[in-house]
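Participant: Here it is, the structure in full.
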């Protein structure tokens, strides 16, 4: 611990702006700021009564010098940077620091210390700066604790506890002051502290007065304790503990001017009492410095026990602390006395001198001490193990006979229940075995069902093939009937030609030419039909052979894998193709046309057209089949060289090709 460095109270004065009502009454300012150190109170330049708010006394015209002076246009951030910001570094080095706002009610103390969302106060800015510094030094171990309390009517209350009881101030051996029952919270960020600050302000005593619509009726103190662990070379470890007290004092009031009654009057009296005690302490401390400068050795008395406030601020005013006092004053002539008193006490506080030293505890441990400590700890550990063994033995002995009997009775009851449920368990096991057996049977039946479905699918395929074969046979029959019709038409043509030959030579030649041309085309058509039928017959025979092989293989597989079953399948019949026998052309007496008509028709065709058309073919009755009762009409004969092709709807060759 160092011997201490002399330090005085840093006093800053902040002049708040005039309110709208104050500007309306008198826009002149009672306090004039010259620079950042000098101000003048009640300047002689305002000698007229109108300029001095109707005051008939002579102007004081007092110029004072302070450490810092802030005019009406200053911001809380500027005030913090020039007065309080450096105290954060002092706290982190292990020094005690205090910043408190002093002044009359309505002078702007709460705005300076707490502020609002647009202009945060000194408390908020201090917490942000503190945690920024801690974050920038990750190699050092810090621990932060926070408390927030108020002094209301000379009673201490914890603002971080709902419905807090009265707290008690106690003095320690080192003449430090502690508060019994005060709660502390450990934050990790500045946002947590600000949230707790807002929580405490909701519990703080406030009310409306003539001077301020939201007047603080208590003194609020935010204490931040920072413990820093410093490891030096070797085995030396030091702990530095700094405390930062941020105080928002309630403002002094004049009862006659404020028109307070009842509870407001009691609150104002207690506020004035504590502020008067604070002023007396400041005066006494300033007098002690003057005596020391004048060579007077008499020790002065400082009445710190005059109020709870002065007891808490004892270290901040005369002990181990670096203190910043922010005096808030109003420039209005309506606050003439309050502003003058505030400036007087602030000017006196400049004369207070304190010895400041760092709160540091060093722990130096040698290696030999570590060995001794290790031996002691091992012995203590051995003793503790022996105590544990003895305690376990005693616990076992404390189990009496009644407890053992209860355990035995409980075991017998459990055994009876087991005996009772044993046959049920055997029945359940047999039921499970039966279930497994039935499950196996169901699986086997499912496999058999799958095989039966497969066999049924094969049988259905065979039936479909048989039906398709029948359709092919039917189409072949239709082709045979068409061939027969064509043969009959050819015979009729031959008969017509021969009839024309008997009439006259020219007619015979014409009819002969017609007959020969028709006969050639018919023969070519018949030849193509025979070839097509022959090809289709071969394809059908191949397909039937393949189907028979598949059916025989299928029956052989069923005979080997399954017991024979009585399955009736439709008989597969061979396809028999019958072509009409070629018969020689014979002449008949029946003519399609008369000889004269035939002669005229033949002569017209020879002269005008090279195409030769055959007479229309009449429908012939055929034997009804299973599919239809009528034979489709034959196509008309086409000229020589033109491909003969039946219509798509009744072409039997297409039907056969599709089925195959």
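Just so you know, glycine gets a Cβ as well, placed from its N, Cα and C.
Caution: TrEMBL annotation is automatic and unverified by curators.
Below are the features I grabbed from TrEMBL:
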- 8-352: domain 'Kinesin motor' (DOMAIN)
- 103, 104, 105, 106, 107, 108, 109, 110: ATP binding site (BINDING)
- 367-394: coiled coil (COILED)
- 462-489: coiled coil (COILED)
- 592-601: compositional bias 'Polar residues' (COMPBIAS)
- 592-660: region 'Disordered' (REGION)
- 618-631: compositional bias 'Low complexity' (COMPBIAS)
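Describe the structural context of these features.
Facilitator: Secondary structure at residue 110 (ATP binding site), as computed by DSSP, is helix.
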Participant: Counting other CB atoms within 10 A of each CB, which of the binding-site residues 104, 107 comes out lowest?
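Facilitator: Among the binding-site residues 104, 107, the lowest count of other Cβ atoms within 10 Å belongs to 104.
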Participant: Just going by other Cβ atoms within 10 Å, which of the binding-site residues 106, 108 has the emptiest spot?
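Facilitator: Counting other Cβ atoms within 10 Å of each of the binding-site residues 106, 108, the minimum falls on 108.
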Participant: Quick check: in three-state DSSP terms, what is residue 104 (ATP binding site)?
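Facilitator: The three-state answer is strand.
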